[in-house]
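Asks: Below, the features straight out of TrEMBL:
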- B:20, B:27, B:156: xanthine binding site (BINDING)
- B:128, B:129, B:130, B:131, B:132: 5-phospho-alpha-D-ribose 1-diphosphate binding site (BINDING)
- B:42-157: domain 'Phosphoribosyltransferase' (DOMAIN)
């Protein structure tokens, strides 16, 4: 997705060989117009999968997920990272380790909003080691619903998550795929390479 | 906002005289079509205020804020409830007590995304005692920007927040105003009363 790659190139800050900060449009400040374009792109890529629900995780997954939900005309459920007092019944839970925050979180979804007939699209802002995505897959599986695809805004293709999820048989659609962040520079996976990756 | 009041009436769960659960469309599952309507309504109410930025707080404020930002053509910044390792520089912070979660959180915004010339619309999902709104006002004030208005999805008018914010001189626009939650029933502030409240 060209618009997104340009935004990353112009505004992304490479903090280290592994960490890209995109706080100006995705993780802290949000660009709603870009989010709408991202929603349209996810909807286009998954429109033939019969998706009935989108599952994401707070907080940065919410904007792209809601825009995709708007395009597909379906509801979004966001997993919470810890229990809230008003979210206590019928909880499905899974553990997720965040390498960025160096901590383990419990993530939770109420089973009330997923049924065994749901065909789920998982959406998240980043895919690195795949911890969050695997936690969300676990929650969807617990509900009896099926994961039809995984939509990622920014994939760090040099980390293991994308390859692992594809090996598990999931369709992963990432709107920007980063090959490396070395020397403070963002390099994207080239189109030619995308065919074979 | 009629559509929202109907949604609250049909899907809201009164947990106690003070707590309304709207997890089916706002706080856990999100209805993107309703969120779009909410964004349109906020944009309409504040379109003459010269708003340049929306400030909200994770997680449930994000959807209505982003939809309002899309309509107004401006960016959204969401305050984080605790420090993240990739959000360390130029932090403005404030303390917020949550009665629902019975805990105090530090909320934070990077000063990079608010300038002294910004005219800010604060958006949040609920207004009860006004703790979150006052924390967000504090952050905006610290940046030197001005708060032009406060947009709330659901106001619990029987709690003190709305009156206090209005007494402080802020324009508060709440799309649904709840008069009481007694006896397990949601009663809205009537239009006739709204003039005098």
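Quick reminder: no glycine exception, Cβ is built from N, Cα and C everywhere.
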Asks: Neighbourhood of the xanthine site (B:20, B:27, B:156): other residues with Cβ within 8 Å of the Cβ centroid, in order?
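Replies: Once B:20, B:27, B:156 are set aside, the remaining close residues are B:12, B:19, B:21, B:22, B:125, B:126, B:128, B:154, B:178.
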Asks: Could you find out if DSSP has residue B:20 (xanthine binding site) as helix, strand or coil?
Replies: strand
Asks: Reduce the DSSP letter at residue B:156 (xanthine binding site) to three states and note it down.
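Replies: DSSP call for residue B:156 (xanthine binding site): strand.
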Asks: Using the alpha carbons only, what distance in Å do you get between residue B:132 (5-phospho-alpha-D-ribose 1-diphosphate binding site) and residue B:27 (xanthine binding site) once rounded?
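Replies: Rounded to the nearest whole number, the Cα-Cα distance is 15 Å.
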Asks: Give me the non-local Cβ neighbours of residue B:20 (xanthine binding site): same chain, 6+ apart in sequence, Cβ-Cβ under 8 Å, ordered along the sequence.
Replies: B:8, B:12, B:13, B:14, B:154, B:156, B:178, B:181, B:186
Asks: Do the binding-site residues B:27, B:128, B:131, B:132, B:156 include any whose Cβ comes within less than 8 Å of a Cβ in chain A, and which?
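Replies: Of B:27, B:128, B:131, B:132, B:156, the entries that lie near chain A are B:27.
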Asks: For the recorded 5-phospho-alpha-D-ribose 1-diphosphate site, enumerate neighbouring residues of the same chain (Cβ within 8 Å of the Cβ centroid of B:128, B:129, B:130, B:131, B:132, site residues themselves excluded), in sequence order.
Replies: B:96, B:99, B:126, B:127, B:133, B:134, B:159, B:161
Asks: Please report how many Å separate the Cα atom of residue B:131 (5-phospho-alpha-D-ribose 1-diphosphate binding site) from that of residue B:27 (xanthine binding site), as a whole number.
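Replies: Here the two Cα atoms lie 18 Å apart.
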